[in-house]
Ligand SMILES: Cc1cc2nc3c(=O)[nH]c(=O)nc-3n(C[C@H](O)[C@H](O)[C@H](O)COP(=O)(O)OP(=O)(O)OC[C@H]3O[C@@H](n4cnc5c(N)ncnc54)[C@H](O)[C@@H]3O)c2cc1C
């Protein structure tokens, strides 16, 4: 399908205001890297998402989902086809011991809402800078808690545009993995079942976790959080630290001196710098300790042509 025809079709199924053409993506990623999306759409209703996904499916147009961009490296060649940002679906509703939120809500805000209603179970998420959709996709977790512990169900759309509701079990949540990844679904909404708690105690736990995070992580720089998954029986950060890689830099990206598991963009770093540094760290750790490091961060998009 020709580019102008795709635009015309998109304008006929969703409001024009939510469509951007050739949109630079670096402004939407925590690493501050990324080329352009052919079409960048920010739907405000679930029905828009369904219509766009159905259109992409029937016309064989690739589709990519974006949450808060905190676990993604987008290459400088950008993304062909349609990119849907879910961030406009950001409602948070509370009833009794349940919280239902749109996939674009920040999990930090959902965690704070739980605290405000004296509901316990989401304290672990008080410093994770992702959206609800990204958190379900990754089964995000920290300090012994994870999405799997408290999610009740997620409302998703499959690759044809059909709505499906998946229970906790059906979501197949595992270490940084879920059916959402495996089946290329998009999350529209998630429901969490929490337990009644004491607001003061919930706040104290969140304060403790925040202090631990701020003292260990290089939050003053752009990054994508922990770059690598935890290899069985090891900690990625420790292996990198013991390989003397802290402070090692390629282009504008450096292995953090504060937390070896993080790579920080210290000045105009590119996705290529990130990828080269990731490969260098993988190679070094493999040579030194015979351990394979697998990225936790998602690396997507086209390589630059020049
Ligand atoms: C400073 C820092 C600290 C971090 N700490 C933690 C931590 O403690 N624990 C942890 O688990 N992670 C952590 N992360 C990583 C990141 O915040 C989480 O993985 C988060 O869940 C990603 O959510 P996101 O909305 O930013 O996803 P994005 O980065 O936008 O996307 C990540 C992946 O999810 C997919 N996706 C996003 N939204 C949807 C959706 N609605 N439907 C389907 N797919 C979707 C995207 O296609 C992509 O493949 C940290 C990151 C940073 C920068």
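For all residues, glycine too, the Cβ spot is worked out from N, Cα and C.
Just so it is clear, the model here is predicted, and its values are computed rather than measured.
According to TrEMBL, the domain 'FAD-binding PCMH-type' annotation covers 33-197. Annotation comment: TrEMBL describes 176, 296 as active site. Residues or ranges marked as active site, proton donor by TrEMBL: 226.
Here the features listed in TrEMBL are placed on the structure.
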residue	record	Cβ within 10 Å
176	active site	18
226	active site, proton donor	22
296	active site	18
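A straight line from the CA of residue 226 (active site, proton donor) to the CA of residue 176 (active site) spans 12 Å. If you take the Cα of residue 176 (active site) and the Cα of residue 296 (active site), they are about 7 angstrom apart, rounded to a whole number. The average per-residue pLDDT of the prediction over the domain 'FAD-binding PCMH-type' (33-197) is 97, rounded to a whole number. According to its DSSP assignment, residue 296 (active site) is coil. DSSP assigns the residue listed as 'active site, proton donor' to a strand in the three-state reduction.
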